[in-house]
Amino acid sequence: MLRRAVGKSLAFAGFTIQYGCIAHCTLEYIGELVVCSGPSMEPTIINHDLVFSERLSRHFYTIKKGDIVIVKSPFDPRMNICKRVIGLEGDKVCTSSPSDTFKTHTYVPKGHVWLEGDNLRNSTDSRAYGPVPYALIRGRVCLKVLQAEKTGATFYPLRSEGLPRGFKKQLILHVAT
């Protein structure tokens, strides 16, 4: 009787360890669901929208301009932020607001990206903290799941410009390449 209980306990522990390893590998190398909070990515991603962030692009260096990414915050490494890639290494980007009379530009250094929120008036991004190291990128947002109370859990694939079909396309005109 005791032998049977110990055997079942060890089997349960083995399955728990296996599933824990599978979950870790899935979240670290494939992707994860992320709840985005804050107004900086509106109207593309609304406060508390659920998105799927895939990790393979980060590992294979296939992040490109226009992609929405989840990044460890340069201000607080315990937090993640969601922003759009505006410039890659070597790109020249405008660092002043579109309404400024005199425009200032900067070059994105090697191994860095320039990130901005879609809601430029309400976003803390590379205009505040400068270019972000590529190593801080956690993943690329490839799928938006709208909250059930909004639309009944509809899936929207995000194209490189980031807007689901049917949404009005936004142009970001202040980027010089």
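Any Cβ shown, glycine's included, is placed from N, Cα and C.
These come from TrEMBL:
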ACT_SITE  Ser40  active site
ACT_SITE  Lys83  active site
DOMAIN    16-96  domain 'Peptidase S26'
DOMAIN    101-143  domain 'Peptidase S26'
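Looking only at other Cβ atoms within 10 Å, the busiest spot among the active-site residues Ser40, Lys83 turns out to be Lys83. Taking the domain 'Peptidase S26' (16-96) as a whole, pLDDT averages 89 in the prediction. Between the alpha carbons (Cα) of Ser40 (active site) and Lys83 (active site) lies a span of roughly 8 Å.
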